[in-house]
Amino acid sequence: MSKIMRGAEPKNYVGNSVGVLVLHGFSGTPQSVRPLAEDLAARGYTVSMPLLKGHGRTPEEMEQSSYQEWIKSCVNGLNWLKEHTRNQYVFGLSMGGTLALYLAENYQVSGLILLNACYSRLGMFNMYEDLHQRGIAFAENDGSDIKKPGVKEVAYSKIPVRSGFEFRKLVDIVQLGSSKVDVPVMIFSTVQDHVVNFRSGTDIFTAISSREKYFYTLTESGHVGLLDFDAETIKRITAEFIADQVSHVG
């Protein structure tokens with residue numbers, strides 16, 4: 001196994017009895033969500049920010065990982081939180097949001113915060129299908145969808161086509177179980193997202209069974225909102241959402 005990329009390191013923060021699992025996205029690393037993890041930890045929460053299997057090392061290692069292993073990475077983080085906290089919330093960016101939905105469908109969690117979560121296909125997987133048919137194993141990753149000048153996401157420069165199909169399997173499974181999600185949910189969706197279609201967020205809002213669900217439209221960022229102009233808004237609303245939920249459950 002190769003070394004973890006600089007800046008991609010996972011981290012756990014020990015705080016109070018409220019836990020938050022913070023999940024990065026497809027081909028990305030904890031660097032893309034670290035601003036939120038650090039903010040929540042500074043507010044006193046116990047935070048787990050795992051590195052998904054096959055991520056943060058080499059594209060070749062990602063190619064050998066499966067969606068089941070990505071789920072296991074999340075479950076390990078959730079279990080760590082359950083050992084240290086009374087309530088557990090899950091935040092997910094992009095595929096991290098897809099994984100957060102999976103956890104809510106299959107495990108006990110207190111609530112979800114989703115940032116540009118991938119839920120609807122809407123063409124995003126067509127590229128992998130096309131490359132597969134042409135016998136190409138890796139897709140070039142041209143760069144981060146971040147509007148803020150000088151900011152770059154720590155992520156792979158190429159993405160395994162095989163991993164794209166694993167991601168699609170995960171999305172299909174999560175869609176089938178979405179009506180099982182009944183916990184409070186905060187959904188952030190970015191108008192200028194060039195990775196995940198804005199409609200993915202509205203589709204989630206419609207599909208889940210949660211009686212308490214909120215939708216917030218972001219207008220100043222690209223896909224990786226926590227590294228972009230909307231970062232402070234995302235951090236503030238996420239903290240307010242969790243604090244409000246905690247005050248209700250006691």
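Every residue, even glycine, has its Cβ placed from backbone N, Cα and C.
TrEMBL: automatically predicted annotations, no manual curation.
Copied over from TrEMBL:
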| type | residues | note |
| --- | --- | --- |
| DOMAIN | 20-224 | domain 'Serine aminopeptidase S33' |
| BINDING | PHE26, MET95 | substrate binding site |
| ACT_SITE | SER94 | active site, nucleophile |
| ACT_SITE | ASP193 | active site, charge relay system |
| ACT_SITE | HIS223 | active site, charge relay system |
Have a look at the recorded positions SER94, MET95, HIS223 and say which one has the shortest Cα distance to ASP193 (active site, charge relay system).
HIS223
What is the interatomic distance between the Cα atoms of MET95 (substrate binding site) and HIS223 (active site, charge relay system), given in whole Å?
12
Length of the line joining the Cα atoms of PHE26 (substrate binding site) and the residue listed as 'active site, nucleophile', in Å:
7
Looking only at C-alpha atoms, tell me how far SER94 (active site, nucleophile) is from HIS223 (active site, charge relay system), rounded to the nearest Å.
8
Which residues does HIS223 (active site, charge relay system) neighbour through Cβ under 8 Å, counting only same-chain ones at least six apart?
SER94, ASN116, SER144, ASP145, ILE146, THR190, ASP193, HIS194, VAL195, VAL196
Rank the recorded positions PHE26, SER94, MET95, ASP193 by how many other Cβ atoms lie within 10 Å of each Cβ and give me the one with the fewest.
ASP193
